[in-house]
Amino acid sequence: MDHFHYRDRDLYCEDLPAAELADRFGTPLYVYSASAFVDRLAELHSAFAALDPLVCYSVKANSNLGLLKLMAGHGSGFDVVSGGELYRVRKAGGAPSKTVFAGVGKTDEEIREALRAGVMLFNVESEAELEAIDAVARAEGVKAPIALRVNPDVDPKTHRYISTGKKESKFGMDVDRALLAAESVLGMRGLAMTGLHMHIGSQITSTEPYAHASARAAELVDRLRGMGHEITWCNMGGGFGIDYRGGESRPIAEFAEVMVPVLRETGCRLAMEPGRSIAGNAGVLLSRVIFTKQSGDKRFVIQDAAMNDLIRPALYEGFHRIWPVRVPEGSPSWPDDFEAPIPGTEPRDVVGPVCESGDFLAKDRALPPTARGDLLAVFSAGAYGMVMASNYNTRPRAAEVLVQGSEATLVRRRETYDDLLGPELDVPS
Ligand SMILES: *Cc1c(COP(=O)(O)O)cnc(C)c1O
């Protein structure tokens, strides 16, 4: 909440009133704080400084070109999971040599593009993928730098949809398979194994899974080196949790505290792939109330941001704090606990205009009285927000604005109806 804060009763992003942004750019509107991105990157660099870290910002959390440019300008590397994301990174001026490429289903075409671009590491998720990368690399006359993605079999105790490091996950390989695969890599001329990769899940709010994963990583680096692989990178993925409700996350320094001493023993450089922990609390979604309505005992606030703009509540029961952009007298300007009774509020369902019962941003949420035209802020919307937006119900996607100090830059204009119909009209008739 440092970069988004209330002055008196008005929400600000850095030095700009949110209401002014909504008036100028319309709603629904994603608003990002540049300082929040940059400060978080610096915090990661300093917490893990002993491991000469390379932060590879996870592009899938928020892939806006303006943000990628900002991050590249501050020395960030990138974690991509598709050819499209790699294309974005390059358009934004990001360095492929600081970019790692993950994903369970890389196509030959994507592998070729990434090889030609010169990515730093392929994070390899299966034996079949090893063979595919080897074949493409040999055809290109190069050696592909790879890391095996290993499942340390830890339960990160997060939502089941975002847990990835367990044995039965579709991602990566278990330790025994990885060791066998590492043997076979020795005979593949198109591959050079220079790293080890783990990514155990997302929104992880305790340090224990990282302590466990780091210990497994250190053991494995030893064994891989014993086979003759020159391992120089330990890539521990992303997954650090953030505060959605308030108070549930751990400071980055606490994760570093359990990881650094173990990983330092390996002599590897640390690569990491944080997405949510950089972008999540660096963005809010602003919406405007269209109608209020009562059905039986239930009160609804129908506002112009819908599940197509932010699907986390519908998809994985994601909780987002929601509070008025201008707080009325009689309500606290920023409640400590959004789930406890709050003076001057009543429970309301915050819903959008999409024709689905799953179209809600919050249910039974304590909110001050709102009226048609009022603005609401949906917090912690910087990660897995706009990137998952769709055009369902033929709704143009929201605009995105990047704020730095008292300057606001439009980094994605609002879509028009013609943008939506373009690909359907652009066909032989
Ligand atoms: C999604 C993903 C990340 C980022 O996860 P966060 O929880 O947003 O930090 C990092 N690495 C890989 C391989 C991913 O798939």
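In case you wondered, yes, glycine gets a Cβ from its N, Cα and C as well.
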Legend entry - Same pyridoxal 5'-phosphate site per TrEMBL - residue from Tyr384, Tyr392 joining Gly239, Glu273, Pro274, Gly275, Arg276: Tyr384
Inset, instruction - Taking ligand 1 as the reference, state which of the binding-site residues Gly239, Pro274, Arg312 have a Cβ closer than 6 Å to one of its atoms. - result: Gly239, Pro274
Inset, instruction - Sort out for me which one of Glu273, Glu356 has the most neighbouring CB atoms within 10 A, since those are the binding-site residues we care about. - result: Glu273
Legend entry - Cα-Cα distance linking Tyr384 (pyridoxal 5'-phosphate binding site) and Tyr316 (substrate binding site), given in Å to the nearest integer: 11
Legend entry - Densest Cβ neighbourhood among Lys60, Arg276, Arg312 (recorded positions), 10 Å radius: Arg276
Inset, instruction - Using the recorded pyridoxal 5'-phosphate site (Gly239, Glu273, Pro274, Gly275, Arg276, Tyr384) as reference, state which further residues of the same chain have their Cβ within 8 Å of the centre of those residues' Cβ atoms, listed in sequence order. - result: Ser58, Ala61, Ser202, Gly238, Phe240, Ser277, Ile278, Ala279, Gly280, Ala383
Inset, instruction - Please work out the number of neighbouring Cβ atoms within 10 Å of the Cβ of Cys355 (active site, proton donor), leaving out its own Cβ. - result: 9
